[in-house]
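Everything on this sheet refers to the single structure shown next.
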Amino acid sequence: MLSRLARPAAAAALRRGLATTAQNNAKVAVLGASGGIGQPLSLLLKNSPLVSRLSLYDIAHTPGVAADLSHIETRANVKGFLGPEQLPECLKGCDVVVIPAGVPRKPGMTRDDLFNTNASIVATLTTACAKHCPEAMICIISNPVNSTIPITSEVFKKHGVYNPNRIFGVTTLDIVRANTFVAELKGLDPARVSVPVIGGHAGKTIIPLISQCTPKVDFPQDQLEKLTGRIQEAGTEVVKAKAGAGSATLSMAYAGARFVFSLVDAMNGKEGVIECAFVRSEETESPYFSTPLLLGKNGIEKNLGIGKITPFEEKMVAEAMSELKASIKKGEDFAKNFK
């Protein structure tokens with residue numbers, strides 16, 4: 001059932017974002033807008049008629065990024081905000097907040113190595129969100145997502161404004177990669193391929209459900225294992241290829257925009273919008289888990305769960321549990337002690 005439901009294929013949401021004429025009044029903030037992901041993400045958001053106001057925040061260069069984007073002939077009103085004292089103003093009245101802020105991975109680093117720096121950044125920024133736009137949809141890109149989502153949840157709980165249906169770890173890049181790699185191997189149009197990716201957003205916690213791919217595809221076991229490994233380590237592939245000059249910024253900006261457009265479409269009343277994201281979950285023994293989600297006006301309308309999976313996929317889910325739980329606990333413990 002899932003793969004049939006999950007038809008909105010790879011590029012569909014992005015195309016919708018560039019072509020929809022629905023209510024089109026989303027007020028979106030990007031926190032970390034001057035960075036490697038933040039700039040191309042902001043460009044894609046500025047390009048969309050779904051967005052009426054684009055608030056850009058960072059600790060450096062945002063006036064320049066905002067000035068540059070404001071010259072683009074689309075109707076989104078762009079404003080730059082610089083430094084912590086301007087953050088409350090940036091967030092006021094926002095419907096969606098996207099957070100790509102933080103340090104990128106360098107060769108030899110795991111996503112977990114980013115924890116100490118990025119955990120503090122995410123805790124600080126989400127504290128401001130809890131105070132100044134507690135009703136907004138919060139979309140976290142900052143790694144390690146397996147820990148930064150629990151941090152966000154704990155921060156919102158602390159301020160008494162926690163709603164698990166409005167906090168998303170953006171794992172869309174894993175889906176985008178899975179769609180692309182499957183399409184390459186099978187000679188298909190990647191825009192028509194849809195592979196749900198469940199679990200988390202690091203290494204072996206990334207679990208592509210090739211068995212639920214639309215259209216249906218089959219691979220011999222050795223090729224399936226190689227493909228799965230490539231999807232799980234695709235971020236490292238980019239980090240190595242950039243040789244110290246950054247991580248996956250452009251593809252992540254595309255994936256982040258795709259997720260935001262899907263979310264805004266659903267908030268505008270479009271039905272049947274499905275995306276995977278790392279969220280509070282009761283689908284497995286892990287308290288947070290990514291599965292296909294039916295999105296609606298108030299965020300998560302329904303968690304569609306894992307669905308029917310193969311023994312190979314079941315084994316991956318089982319093997320991801322200990323790492324997922326450890327990353328989640330690490331995030332929760334950090335948030336509890338964060339002042």
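Using N, Cα and C of the backbone, Cβ positions are placed for all residues, glycine too.
Here the domain 'Lactate/malate dehydrogenase N-terminal' (27-169) has a mean pLDDT of 96 out of 100. Taken from TrEMBL, the feature domain 'Lactate/malate dehydrogenase N-terminal' applies to 27-169.
Per TrEMBL, the feature NAD(+) binding site maps to G32, A33, S34, G35, G36, I37, G38, D58, N118, I141, S142, N143, M252.
Sequence-distant neighbours of N143 (substrate binding site) (same chain, 6+ residues apart, CB-CB distance under 8 A): G102, R105, R111, L114, N118, H201, A202. Here TrEMBL flags R105, R111, N143, R177 as substrate binding site.
For 171-334, the entry in TrEMBL reads domain 'Lactate/malate dehydrogenase C-terminal'.
According to TrEMBL, the feature active site, proton acceptor maps to H201. Its own atom aside, the Cβ of H201 (active site, proton acceptor) has 28 Cβ atoms within 10 angstroms in the protein chains shown.
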Sparsest-packed of the listed binding-site residues (R105, R177) - C-beta count within 10 angstroms: R105
In chain order, residues whose C-beta lies under 8 angstroms from the C-beta of G32 (NAD(+) binding site), counting only those at least six residues away in the same chain, are G38, Y57, D58, I99, P100, A101, G102, I121, L125, S142
Return the residue, from the listed binding-site residues S34, N118, S142, with the maximum count of other C-beta atoms within 10 angstroms of its C-beta. S142
In Å, rounded, how far does the Cα of S34 (NAD(+) binding site) sit from the Cα of R177 (substrate binding site)? 25
Taking the residues the record says bind NAD(+) (G32, A33, S34, G35, G36, I37, G38, D58, N118, I141, S142, N143, M252), how far apart in Å are the two Cα atoms that sit farthest from each other? 18
Can you count helix, strand and coil residues in the domain 'Lactate/malate dehydrogenase N-terminal' (27-169) using DSSP? 65 helix, 30 strand, 48 coil
